[in-house]
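For reference, TrEMBL has these:
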type	residues	note
REPEAT	40-72	repeat 'ANK'
REPEAT	76-105	repeat 'ANK'
REPEAT	172-204	repeat 'ANK'
REPEAT	205-237	repeat 'ANK'
REPEAT	271-304	repeat 'ANK'
REPEAT	338-370	repeat 'ANK'
REPEAT	422-454	repeat 'ANK'
REPEAT	455-487	repeat 'ANK'
REGION	501-520	region 'Disordered'
COMPBIAS	501-514	compositional bias 'Basic and acidic residues'
REPEAT	617-649	repeat 'ANK'
REPEAT	651-683	repeat 'ANK'
REPEAT	857-889	repeat 'ANK'
REPEAT	960-992	repeat 'ANK'
Amino acid sequence: MGILSITDQPPLVQAIFSRDVEEVRSLLSQKENINVLDQERRTPLHAAAYIGDVPILQLLLMSGANVNAKDTLWLTPLHRAAASRNEKVLGLLLAHSADVNARDKLWQTPLHVAAANRATKCAEALAPLLSSLNVADRSGRSALHHAVHSGHLETVNLLLNKGASLNVCDKKERQPLHWAAFLGHLEVLKLLVARGADLGCKDRKGYGLLHTAAASGQIEVVKYLLRMGAEIDEPNAFGNTALHIACYLGQDAVAIELVNAGANVNQPNDKGFTPLHVAAVSTNGALCLELLVNNGADVNYQSKEGKSPLHMAAIHGRFTRSQILIQNGSEIDCADKFGNTPLHVAARYGHELLISTLMTNGADTARRGIHDMFPLHLAVLFGFSDCCRKLLSSGQLYSIVSSLSNEHVLSAGFDINTPDNLGRTCLHAAASGGNVECLNLLLSSGADLRRRDKFGRTPLHYAAANGSYQCAVTLVTAGAGVNEADCKGCSPLHYAAASDTYRRAEPHSSSSHDAEEDEPLKESHRKEAFFCLEFLLDNGADPSLRDRQGYTAVHYAAAYGNRQNLELLLEISFNCLEDVESTIPVSPLHLAAYNGHCEALKTLAETLVNLDVRDHKGRTALFLATERGSTECVEVLTAHGASALIKERKRKWTPLHAAAASGHTDSLHLLIDSGERADITDVMDAYGQTPLMLAIMNGHVDCVHLLLEKGSTADAADLRGRTALHRGAVTGCEDCLAALLDHDAFVLCRDFKGRTPIHLASACGHTAVLRTLLQAALSTNPLDAGVDYSGYSPMHWASYTGHEDCLELLLEHSPFSYLEGNPFTPLHCAVINNQDSTTEMLLGALGAKIVNSRDAKGRTPLHAAAFADNVSGLRMLLQHQAEVNATDHTGRTALMTAAENGQTAAVEFLLYRGKADLTVLDENKNTALHLACSKGHEKCALMILAETQDLGLINATNSALQMPLHIAARNGLASVVQALLSRGATVLAVDEEGHTPALACAPNKDVADCLALILSTMKPFPPKDAVSPFSFSLLKNCGIAAAKTVGGCGALPHGASCPYSQERHGAIGLDGCYSE
């Protein structure tokens, strides 16, 4: 907001600022707009309220000025009056119904503004008109926060007297006390404490009052808090005490007070740093450090990472502080958990003066640190030549003059060719760092330039990888081999070709640099990398060398997008052309396209004759560029004639399929506009899918619109007869569907199972899509039955999948469609798949019309619910008068179905709640008890037996003369057999094979006959009249002369198999979830 000139303001505002009442009255009489706005939407009333001129304000209000007008900051005249501390103006505005609850953009009310501006009288006028004095602004601060912040004791006292809450918190959980302590408003702080404020309060990050006072150096507040018993070593959420805070911010007076009051000088925070660590590293912590050392602070205390205060001083090169620490016993070679000593840290950050101090005090220059590196490794890695020189001279007190030259040779006092744990010497580190002065110092000190690390790389590899031209020149001139390969088979030329990628980050660069500032630096690096590559080529580097994967330098340049390097490599050797055209393992063209390097791709495209070479998966460079969404690369390739119709091997996708599936509209547009074929948009993959189908399946609306506009056939079908409209129905994309219908897609098209898009929308629960399709179907063919080849309608599908909204829509659209198609009704579908919502809806809408409907096998919905063990479905059906004992074509009731399938919950419900009849016989005279025993469903059988003592039922025989006891015995149901016997089941009854229940236990008829003979010799037969009427003569029926046939062990004749698992004529579900 700038300062505005009064001459630019409306005449009325100018008159107000001149305090000319008569001029204001004159302008108003001339119909001057009383609510005229300036550039910041302020009215004349804002101006009058600001200057506090009551007569002018009264005149404006009487003339109809908007008392609650808001400017661009949402400030009202009432806010302005409060800010100006003019209680008369404020009272006049309030008398004219000014809104006391009006909020500006910071959510501040006039009371907030009054409190912040020490306007006690204004606050006193506003307070009675508010329902609460604790209303928070956007940052969560109340009026009391603002009053305390301003330090105005009178306003604070007024708000407290009017009922403002002492302990109200802002969004950072800071109370008014925090602001009083931080800003040093001691009298305000005392008042709040006297009124009962909590001295132990903390904000969200655990900062107490002592922390905040220490942070801002409020020594008097600190003294007061200590007198009041504040916990001196109380940590915040990070473990920092007030002494940590004071040392970090250089508040030495506070630190002195805290130390004198007994603060723990060695208390660590959550990272293990003591106040001494903090004082050692902070900008203004020198006096604090001296104070702590003189008061018993442990100079060798190590943090959780093993860092001592001397390590911390070394980070920022705190020379004076490091001297104090050393003089007071700090261990020179103390190592952190990475093995780094303070000398390593000083070398890493380039503090030469501190290095001198540490070395003078006996620091070990040969001490191993991180990755077993010397301090020298770190100094040269980060390019600090002065530090390098200092460390190299550690082995002597004077210069040694070479007998062969006048050069001064430095001695490090240790073998500078000693590698770290990755085999890298100091020369490797210097080559990576890129400082040629460091490199020369090492070479002159006897560094071995042919030494290899554990990856087989020489220093030249590192120099090339970082694109360091000067280092490469120095090493090659000194005799480094330009074609030596590392363990991956890469020569320095490979790394130089990709040098922008491997370049190490600048050690001195800041993340705050703008892109504009970084760009010249990047350009400089690119030029240097180019010169490095050129130098290597000029000095015998072989561009045809391949690494272990078969890649040459050309591949690397293409993969990492270095166009200049690529052009140079292509220009330097004719053999490189073969590498470009080779697809083993992958061509440079593919690498450039995959990584989106359009400049490198353009260079290759201008060089190659054939851009349609394919990789081992059959993909062209255009396919990869399209799949990755690199529009610029696609544009380059299509402009140079790459084909958009070449198919990859697996799915037979073209680049158009890849673009449509990934939603890359711009790339798709370029491919279509290539004009390669008139029907390019209808090209099909291995499954008959067009790009349009893939775009819809993935919900890419822009691609769908583009393809349709470019002539894609809306009704094209895949190998299964499914069109784009089928896919739109499955995904539920309304925009895609609308686009297809706008291009006359046929809504009643059928797939290989006869399913239309309406079926699929119903099955997937896309109500809005279904509504659109139904409306379109009415205009297409209103008489279409709408059933698939299995006879299922959309209503069947919606019921089965439980989509009640779709079902409701279908019932409204065609209330009699439940009668169409498969007699296995929508209600059957709903209950068999445990869909309570659609079951309830169907029963509510159709009730008696459908509740006892029968399918092709005579089964009712109750049978289906029993089969699925759907108790809630059974309950709803019976509540709507379903016939509990209705039988299907085999004579079985719902109870018998549940018993045969072992559905214990359904059996229990039908027995106890449905009172199902247990005596009903099926076509083979089996009862529910027979069926339960036949399938080995012990629990179901016991439930049935618990409900009956009827001997007629217990001893009932089926058409094979088998009682439940025969069947239970044959299936080894011991508990059922025991229950039957306890209820009087006869043990001597024989079935049609002449077997008693005991003989039924035999595995086959021959064994049963043998067992009968043995039993007949062990015990005489009872008299004829003692035999049960259900029995026959044992000897008569199991004689040796009988024809020997192996009896089956099946439970029931003609009834052993579940009717729900035989004769699969149709299925419901996308691929058959329920079989009839």
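Cβ coordinates are placed from backbone N, Cα and C, and glycine is handled just like the others.
Long-range contacts of the repeat 'ANK' (271-304) within its own chain (CB-CB distance under 8 A, at least 6 residues past either end) are made by residues 238-241, 243-244, 246-252, 255-256, 259, 265, 310, 312-313, 315-316, 318, 320-321, 324-325, 328-331, 334, 336. With a threshold of 8 Å between CB atoms, the same-chain residues lying at least 6 positions outside the repeat 'ANK' (40-72) that come near it are 1, 4, 10, 12-13, 16-17, 19, 21, 24-25, 28, 34, 78, 80-81, 83-84, 86, 88-89, 92-93, 96-99, 102, 104.
Per-class residue totals from DSSP over the repeat 'ANK' (205-237), listed helix then strand then coil: 16 helix, 0 strand, 17 coil. Shown for the repeat 'ANK' (40-72): DSSP residue counts in helix, strand and coil, namely 17 helix, 0 strand, 16 coil.
According to DSSP, the secondary structure content of the repeat 'ANK' (76-105) in residues is 16 helix, 0 strand, 14 coil.
With a cut-off of 8 Å between Cβ atoms, the residues of this chain six or more beyond the repeat 'ANK' (422-454) that come close are 371, 373-374, 376-385, 388-389, 392, 407, 409-412, 416, 460-463, 465-466, 468, 470-471, 474-475, 478-481, 486, 504, 507. The predicted model assigns the repeat 'ANK' (40-72) a mean pLDDT of 93.
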